[in-house]
């Protein structure tokens, strides 16, 4: 007997480890379903995800504050469509090509180092010398002062001009989005799929999301501290403190790299148990281009329905956030507060609420409702919430615009402007959307994914997880941009009635898609077979299946 065979004979089987993980007698044991031998491999990955999520949460709120301070809320949709979407697609597809000959682990390490260098350079160089790198930051605002462009019908172009003039702020917005998409959503979970078996993934992924939401809570308190320090200090001290925040994010990126390298060298590849023949590690990679992804999506009604659900959610969230962020900026001006400080305070409150409530839902029996009650009980919650949420946000925006005398599609009786109430409703609805993202949209989507034949699963997930989320945001931003052009304004709240109409139509289609998916899911579970992917054209998919 060789040394390796002797070592394996001392290891428990995967089923024995699974039984130990599921047999917790204490509260923590029942919540954190992790066997004793799995604790190191789970703990290090949880720490990595915590730091990745913390950087993403802080950078996301910092970028929103910087954009509202130096640019305009109406600039965000243009950045999403013209900058973030194409750059994100290019980076993701480039990484997929690199992964043909390179491991996910190496790419993850490289990205952490690159972002670490970038964050440090941004805090020390770009923020210190942006007056040299950029044109006069007041140049564009002077062009648009005194409503000169309103009479020319070009007021909406300020949202395009400001990101070009203040390009360092646009770069910060782009980098925060790329960190969230590439490092957080793509590479980390691709790395976990290479390390864990399928049974481990089913237990660990919800727990990883818990640690991600703990990071969200910590970042919420961090943003409150940043806001407090910024309000108390002078302009020079506030600028120095913000530089320090970016440098600390860079240091955190390097810490992630060091923890990951130690984990890879000493823990990740040590055998924990004897893997059963029925189990396998999820190493399948989805190597698809954009056009190929669209063609594959169009060949299956099931994938079209799942993709539409993802797109509908992203469009709805994007449109309500555009209105909400504009309202925050307007309310800050109304009460004489500095816009970036005000945004930090509101965003930190949202983070705390989302993190705490998401953890409660993820640790409760809510994710198991699909199994116990049925698919519709979970999947139908987001579109129902969307209808009431959009009616609240856009309805209040329409009333406030009427009170100010701004033209909308329908006339309303002036009842007095109440931006505080509009902001409060917006914060509640945005919080609800983000909570439902973790606890309902993702849970129902993953339940469907687990019923798809493994031969197609990786390719289909590459479509609705890798492409459709950003595509939905781009569509929502495009709708916002077109409405700004139509109303000759940078305030999308003037289009509240048309926004409500568009989202209502999208949500109705969302509901029909959920009902269709529920029927397919229930049929699959009752017959205990793979879900019917409902092919439109069988021959191309049969060929793809043979290739797989």
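Using N, Cα and C of the backbone, Cβ positions are placed for all residues, glycine too.
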| query | With Swiss-Prot as the source, which of 171-191, 276-296 is set down as transmembrane segment? | reply | 171-191
| field | The annotated transmembrane segment range in Swiss-Prot, which must be one of 329-349, 350-370, 434-454 | value | 350-370
| query | According to Swiss-Prot, which of these ranges is transmembrane segment: 473-493, 494-514? | reply | 494-514
| field | Stretch carrying transmembrane segment according to Swiss-Prot (options 18-38, 39-59) | value | 39-59
| said: Looking only at the recorded stretches 239-259, 302-322, 374-394, which one has the largest tally of CB-CB distances under 8 Å to the transmembrane segment (494-514)? | reply: 374-394
| query | Which whole-number value in Å describes the distance between the Cα atoms of residue 101 (N-linked glycosylation site) and residue 488 (N-linked glycosylation site)? | reply | 50
| field | Around the Cβ of residue 400 (N-linked glycosylation site), the count of other Cβ atoms that are within 10 Å | value | 22
| field | Lowest local Cβ density (other Cβ within 10 Å) among glycosylation sites: 101, 488 | value | 101
| request: Sort out the residues at least 6 away from either end of the transmembrane segment (171-191), same chain, that have Cβ-Cβ distances under 8 Å to it, and list them. | output: 48-49, 52-53, 55-56, 59-60, 62-63, 66-67, 76, 79-80, 83-84, 87-88, 91-92, 95, 104-105, 107-108, 111-112, 115, 118-119, 122, 126, 205, 285, 465-466, 470
| task | May I ask for the residues of the chain that lie six or more residues beyond the transmembrane segment (302-322) and have a Cβ under 8 Å from a Cβ within it? | result | 73-74, 76-77, 80, 296, 379, 382-383, 386, 389-390, 393-394, 426, 429-430, 433-434, 437, 441, 445, 448, 452, 460, 463-465, 468-473, 475-477, 479-480, 492, 499, 502-503, 506-507, 509-510, 513-514, 516-517, 520, 531-534
| request: State the three-class DSSP label for residue 101 (N-linked glycosylation site), counting H, G and I as helix, E and B as strand, and everything else as coil. | output: coil
